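Taken straight from TrEMBL:
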DOMAIN    5-124  domain 'C2'
DOMAIN    160-295  domain 'C2'
Amino acid sequence: EPVAKFGTLDVTFDYDSQEQKLLVTVTAVTDIPTYSRTGGSSWQVHLVLLPIKKQRAKTSIQRGPCPVFTETFKFNHVESEMIGNYAVRFRLYSVRRMKKERIVGEKIFYLTKLNLQGKMSVPVILEPSYNLSGCDSQMSMSEVSCSESTSSCQSLVHGSAPEILIGLLYNATTGRLSAEVIKGSHFKNLAANRPPNTYVKLTLLNSMGQEMSKCKTSIRRGQPNPVYKETFVFQVALFQLSDVTLILSVYNKRSMKRKEMIGWISLGLNSSGEDELNHWTEMKESKGQQVCRWHTLLES
């Protein structure tokens with residue numbers, strides 16, 4: 001039982017194996033930290049089905065120390081024979097007017113615990129989200145859902161978008177920006193039916209779009225879910241940090257002279273999307289702690 005409370009969700013799971021659908025009802029939240037610590041008295045719960053992250057939901061915003069939601073969300077295509085590969089991530093946000101919402105706590109609930117027929121009500125005890133911003137927790141989720149050896153994983157993720165797991169860390173004292181390319185998932189060989197040979201190229205641009213620095217990982221051969229675990233360090237002064245853009249491009253190397261881009265993302269000044277911008281902001285606010293996030297690649 002955690003000493004500090006980060007919220008306990010009252011959740012009911014209702015799984016229908018015939019329809020392959022999962023209904024999740026978020027009834028209420030108790031044990032919310034005191035007002036002063038989270039700076040908010042309005043609350044919202046976000047849900048996402050892992051590992052693919054395509055199905056998301058969020059409750060309405062409710063006020064008060066014990067908000068009641070009683071809202072049900074439906075997740076489709078949850079195959080009973082694959083149930084162990086799935087999890088639902090719950091996040092409780094404190095919502096303040098005119099200010100950015102803040103994560104109060106989160107929990108990844110693995111569906112292996114599910115009753116395969118009928119309803120099941122459980123308290124979901126949230127944990128501090130900073131524990132989960134380290135790579136270990138993110139990695140363990142990705143490994144549960146997709147170890148290279150399981151053939152079941154391949155059919156589970158068939159047709160899903162390529163993603164990349166990136167760890168960012170900034171040390172304001174030394175002015176060093178570290179980007180760790182941790183792993184990829186669902187990388188495809190567009191031209192052939194065999195797994196691709198991939199590498200990731202990192203390019204740092206200044207506010208004018210001029211190249212300041214570039215580097216790349218080594219090649220991972222024949223892997224749709226490659227593990228890189230390579231870290232690259234860029235010298236970026238604190239006053240420059242809001243003005244730079246880091247582009248990550250994933251390439252499939254087909255021969256000595258031919259390569260094709262599988263996809264790309266950008267973080268920083270010209271972020272390619274909201275998730276990327278949020279990741280950069282979290283890195284800036286995390287005071288020298290590494291923040292790891294999955295990102296869906298954009299097509300070239």
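Count begins at 1; order follows the chain as displayed.
Glycine is no exception: its Cβ is also placed from the backbone N, Cα and C atoms.
Curation does not apply to TrEMBL; its annotations are automatic.
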Averaging the pLDDT values of the domain 'C2' (160-295) gives 91
Summed over the domain 'C2' (5-124), the DSSP helix, strand and coil counts are 13 helix, 65 strand, 42 coil
